[in-house]
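A quick write-up on the structure given underneath.
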């Protein structure tokens with residue numbers, strides 16, 4: 001059976017999607033977001049892909065940019081993946097729903113079992129779903145409703161699934177993440193702390209917690225691309241981003257920290273976990 005939580009972060013592949021020019025031409029402004037430097041955003045995205053491939057040793061699958069999908073690089077919202085199963089989401093924004101098509105095909109090609117939501121009353125953004133290795137928490141937010149959370153529970157029946165109110169405009173994973181199999185990291189805002197308190201009440205598992213000054217710093221990815229026994233990685237915001245949170249992240253001594261910047265992509269609403277999907281095509285014990 002193994003140790004509870006040991007499946008967290010197991011991965012062999014990462015999926016990303018290129019940054020289209022349309023990301024800088026109206027989509028952000030229409031959403032009230034600041035102007036975006038396209039070249040810088042594309043550089044950030046290229047560095048992220050390089051770290052996933054070279055530093056973490058993952059097989060990188062890169063979908064081409066599509067001008068009709070300005071927010072296509074935020075493909076973390078399009079699927080929830082655990083083991084060999086991928087739940088294709090139904091994003092809250094109707095304009096984003098075509099983003100799932102290319103992701104679905106890529107995941108099928110990698111051999112994952114595809115589950116469709118199939119309920120027009122459900123909304124689900126993938127970055128509202130936090131998997132701890134033992135259970136799922138689904139943020140009930142502007143982006144994700146109760147029906148979406150119910151479909152997560154129906155899809156991943158081997159795990160407990162609990163809902164957590166998100167009281168800000170963020171997704172759940174924009175407020176908290178996993179710094180290890182037993183450690184929840186969270187921002188210091190009231191919304192982030194409320195979410196962590198709710199999770200503590202709902203869970204049957206004890207998690208340590210680490211509070212970071214910046215909510216966005218808690219949007220990190222705990223990854224174990226190697227074989228069991230090798231040190232895991234924590235892909236996190238750094239490289240000049242969120243300097244106030246870097247010292248606190250050093251307290252996570254059981255991981256190798258891999259910093260990456262996405263401050264320009266953040267202007268389009270991207271958090272770190274929205275910019276890639278990680279999965280394992282290796283057999284699971």
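Yeah, the Cβs are placed from backbone N, Cα and C, and that goes for glycine too.
All protein chains shown were included, and the count of other CB atoms within 10 Å of the CB of residue 171 (active site, proton donor) stands at 27. As annotated by Swiss-Prot, active site, proton donor applies to 171, with the evidence given as similarity to another entry.
Annotation comment: Swiss-Prot describes 276 as active site, nucleophile. Neighbour list (residue 276 (active site, nucleophile), Cβ cut-off 8 Å, at least 6 residues apart, same chain): 14, 15, 16, 48, 52, 75, 76, 221.
DSSP assigns residue 276 (active site, nucleophile) to coil in the three-state reduction, placing it in neither a helix nor a strand.
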